[in-house]
Amino acid sequence: MAKERIYELAKELKMPSKDLVNLAKKEGMDVKTHMSSVTSDEANKLRSMAKGAGKPAAVKPAPKVQEHQSAPAKKEASRPANQGSQNNQNRNNRGNRNNNGNNNRHNSNNGSANANGNGGNQKRNQKRNQNNNNQGGQAANRNNNNGQGQGAHWFKKGKKNNKKKNRNKGNQRLRDTAPKAPTQRKDRPLPDVLEYTNGMNAQDLGKILHRSPAEIIKKLFMLGVMVNQNQSLDADTIEILAADYGIGAKEKVQVDVADLDHFFDERINNDANLADRPPVVTVMGHVDHGKTTLLDKIRHSHVTEGEAGGITQAIGAYQVKYNDKLITFLDTPGHAAFTEMRARGANITDITVLVVAADDGVMPQTIEAINHAKAAGTPIIVVVNKIDKPGANPDHVTEQLTEYGLIPEDWGGDTIYVKVSAKFGKNIDELLDMILLQAEVMELKANPGQNAAGAVVEARLDQGKGSVATLLVQQGTLHVGDPIVVGDTFGRVRTMTNENGRRIKDATPSTPVEITGLNGVPEAGDHFVVFDDEKTARAAGEERAKRAEDEKRRRTSHVTLDNLFDTMKKGEMKSLPIIIKADVQGSVEALAQSLQKIQVDGVRVDIIHKAVGAISESDVTLAEASNAIIIGFNVRPTPLAKSEAETNNIDIRLHRVIYNAIEEVEDAMKGMLEPVYEEEVLGQVEVRQLYKASKIGTIAGGMVVSGKITRDAKVRLIRDGVVIYEGELGSLKRFKDDAKEVKMGFECGLTIKNFNDVKENDVIEAYHMKEVPVK
């Protein structure tokens, strides 16, 4: 008996093989997969059951998608009812599509049987048709009009249908790319005041006003100003725009990034979040009055907690702790550092302690210290030292100091006096009490929560560490890693140590620290400022260094006897300022009178200062300011004066014989006159043979008959005793090699620049112009 496979039977019945397998299993047939076989009787039974199951599906209502289509629905009703389902059914069939088309035509009258098998496909069809209907009724109508069977759809109208599908896709793209309704964007509120800088453009203003550049441009257009987003606007236009928005306008002051003083003042004058800070004390006084002993006693007696046993001072400033309060002492080597810092605007001292020996009284340096402290505007605490020595007279010291306005409180004044013995440590605590009392009266405060600012106490170049600077923090807190600008240098704080050489991570106001990480060595008294980012710090530091270099170039170089003639030649001076220092007054007067007797036309000697004694720093400072020369007779400069003179290129001339000093100055002044030149013949060459070269010209070969001829000499061509031409040598050779000079008795070849009319037996004479000294 012939058997039929399930998949062939399902293909015949146009139903899924899976459904047919399930139907066969319900009837108890031995069927497992679509490849299973059934007998002819079983196949006929399945055919009848499949046809009977398809009848109810024929009376099902039409899909919902066709309810909305009036005209197309009538056309569809006249067509076989099973064609729509056949199209979807054929889409699931894996056989030949031509066969499917034939099957459609062959089974067109079996709609009732096929409808039941295609129920699931009809549901999917309904959903698909509903989607097409939502995309547009016209597109759905076109799709429904093509329901002529799957095979006919693909073979007869496949090309046309593809065009329609593409058209549908195009319509979908147009619908997707169509401009959507703009969403309502909430603009950020306008600022109360528009802070602007002259030259801003629409884009910059848009960022500040939280508006688009297009809106700004439109606003300006309505106000009668036509601009683009990158065009600069003047202040008037920006203010008009702000008024149109109903807000105020304020021009922002442009701050020069290299103006370190501006940033320094901004931080120093910040009154927000103020807190108490330790006082900064400078101890000054005459030599040998016990200043160093007093400082050492204070340091050894009141070391900061945690530093006991480690008293080695690493920097020129330190802190001591007394009664749970800190005091910062600046250990300046002398008044010079104090003066230098004050001259640079770094008034870092809060209180000046003036040390005066009870057995010595007021001395010249004591008076100088008083003047410095008064000029700096700092209160003075007088310490009368060495009260333990025999012959000490503190009252006499007080009487002397009253002449300079330092009247003690006991006498009705406001100056604090403390009598101490630094050697034995007597009344040291009383001195510290007075310092803290004075600081309390002064109400010293700072803001530790901001970027640090302060001044340089000292700086040096260390072979191992590089640039090392001792800083005193005046405002804010200095941290390791902070980008910093110090004077004309910049960098990042790499390390930070306290006065005992111990590394710390931060330094609060009035704390002295030693830092590394700068790109150069700053000067004492320079301000330092910490910036928010390294980029700004670098820009400020580089700009300051550039300006300092330019200023140095513009500054007139100091005159010396060596460059005196060149200086006068440029017309920069017509007088010679001189400072005279000698060992005795008689020598001073004799030297001054002798110099003023020198008579040279157009030049005069200007004695701006004359005195007895060694050449001091003040003399060097005066010479620097006056562009003068210092002449010393039987005196020497002090080490500091010598160092400062070398730094500032000040000319110091030292003599032991008055005549030598006068002669040296006279020679320099004569050099300032217009020089006289005369011709000096170097040698002669006799031309003996000529050579022609197309690229070079005429080459004269000859013998040096007298003197010598040099490459840089001027030459004249003499023919029969008459000068034919004067010019310069073009080349000079000995054999084939270039020569700088050829001496008498040697042959050479030479050319003359821009001249070729050389003949045999001509004489070429070499010469140069020599300056004749003024007599």
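In case you wondered, yes, glycine gets a Cβ from its N, Cα and C as well.
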In Swiss-Prot, one of 331-334, 551-554 is tagged region 'G3'. Which stretch would that be?
331-334
Per Swiss-Prot, the region 'G4' among 349-352, 385-388, 425-428, 557-560 spans residues 385-388
From the DSSP assignment alone, can you count helix, strand and coil residues within the region 'G4' (385-388)?
0 helix, 1 strand, 3 coil
Residues from the same chain, set at least six apart from the ends of the region 'G4' (385-388), whose C-beta lies under 8 A from its own:
289-290, 293-294, 355-360, 394, 419-424, 426
Secondary structure split (DSSP) over the region 'G1' (285-292) reads 2 helix, 1 strand, 5 coil
Integer mean pLDDT for the region 'G4' (385-388)
88
